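Input: a single structure, listed below in structure tokens.
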């Protein structure tokens, strides 16, 4: 149903967040988990997966990670902070763009990583705290790692006065340090200086991963051009741009392209600015309060497209910008370019809401390249009708009419899709499905309502009516399945739940209770940063057959997201290298160590695995 909505709502996914990109789940299948063989042997300890070294040379600290084949480091999970010392901007290369179903657009390192950390204002007891996290491509993630590096005194003004210390293999210190001394912090996600050597490779990979974004923004721009606030202005705008006198088609084409490039420059700069801000707040964008706030904002923007109220720049600001634009000389390339750049700032009531939504999408992606190109494509789409009018005259433009209001309303439905995409991360699947159904019913109901008022009739009108009816049924089906489906299955879903444990003592207590009851135990180690843990929860544990079998188990879950002292002790107690890890005990209370599962496993092989108990 979602694919149908995306097509018929003209690019519904334009405002989708990076979190919609799906991992290919098959690649995470752990074939070794189909038997009780020890699957833990297939993953190495974190110090072997990401060997870490550092050395200090005067006022510079060099950090070095080697990345084992088949593993990767998260750029967004890498941070460097200082105690009793100030740190400059990190000098490092950007990671490779990577789409994650649960974490959205992230950047990863699959090759050795070198980071240069400038040091300044050394004080007694100075040290640098390095935090990082990585995963195996097979769907196995390590807990966040912390390395504490003591910093030797240095004299920044004398470059050659000190001799570089010997590269040192670091030792882990996973305890969080609560510093009472002055602290400087540098986050990799907000301070990156791309290395010139890898810039081309990074750009190519980014474009390859996001090839559809510019196309959808181009289509969005064309759609905005046909709203009632924009389309009637093109003939007037064309006369202003071209100036007085007759011009050849070639000259008219050139001037119109120059105007559109000026407008595209403004939009591109807007995209770069908000994408830069988005990189700093990318982690915060995942917080439920932020997601709810953004959803309310999108709904507010959508209401303006439905005509509930008018959303635009203050009239005084628009008047000032218009006067500034009118002072430019039409017919000259420089004047036309300036008019285009200024006009990009004049948001009409029809374009303010979609443009705001587009900027929010770009801000959440936190990707400079994608942000700049997407907004450039949006401006080019809006400029296509202007180019057509300038070259061929007004005869190519469709006549103004009620159809333009319908285009505006359609954009309102597209904007309403954005909050559903955002809220899917925090809402139960039942509620997100209900919201999608409600949006589909509203959109296709509106389409059926307006079919009789369309300018054309005959078989085209009938076809639209059929599409609307089919869309209504398709949209309502998921909600109907929840309301009138198999109540027995739904009852099973509500009875499967985990008991949370926080430390070793609570684990021992629950194991003793399960042994007394004669029931096997399953312990799931979970963390919010673990992608495969969320896949287990979404695709495996909610399978009806798996849920039925899990009724025979005592289900325990340890949430180690915060990586506190008690979490580390529990992980060490169970000899857990990373997540996801699932442990089993039989009905006699014996730990079945060779039944351990590491890495994602789909429902069918997981069911075969637990059926052995």
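All positions are counted from 1 along the displayed chain.
Cβ from N, Cα, C; glycine included.
Since we're looking at a predicted model, the values are computed, not measured.
Some features that Swiss-Prot has for this protein:
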SIGNAL    1-21  signal peptide
DISULFID  135-141  disulfide bond
TRANSMEM  215-237  transmembrane segment
DISULFID  229-350  disulfide bond
TRANSMEM  252-274  transmembrane segment
TRANSMEM  287-309  transmembrane segment
TRANSMEM  341-363  transmembrane segment
TRANSMEM  370-392  transmembrane segment
TRANSMEM  407-424  transmembrane segment
TRANSMEM  431-448  transmembrane segment
TRANSMEM  463-485  transmembrane segment
DOMAIN    468-613  domain 'Thioredoxin'
DISULFID  530-533  disulfide bond
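Highest local Cβ density among the disulfide-bonded residues 135, 530 belongs to 530, counted as other Cβ atoms within 10 Å over all protein chains shown. The transmembrane segment (252-274) shares the most Cβ pairs under 8 Å with 370-392, out of the stretches 287-309, 370-392, 407-424, 431-448.
Mean pLDDT of the predicted structure over the domain 'Thioredoxin' (468-613): 84.
Among 287-309, 370-392, 407-424, 463-485, 463-485 has the largest number of CB pairs under 8 A with the transmembrane segment (431-448). Counting only same-chain residues at least 6 apart in sequence, those with a Cβ under 8 Å from the Cβ of residue 141 (disulfide bond) are 133, 134, 135, 527, 529, 530, 531, 532, 533, 578, 579, 580. Residue counts for the domain 'Thioredoxin' (468-613) under DSSP, helix first, then strand, then coil, are 77 helix, 24 strand, 45 coil.
Residue 135 (disulfide bond) carries a strand DSSP state (E or B). Cβ neighbour count for residue 533 (disulfide bond): 26 (other Cβ atoms within 10 Å of its Cβ, all protein chains included).
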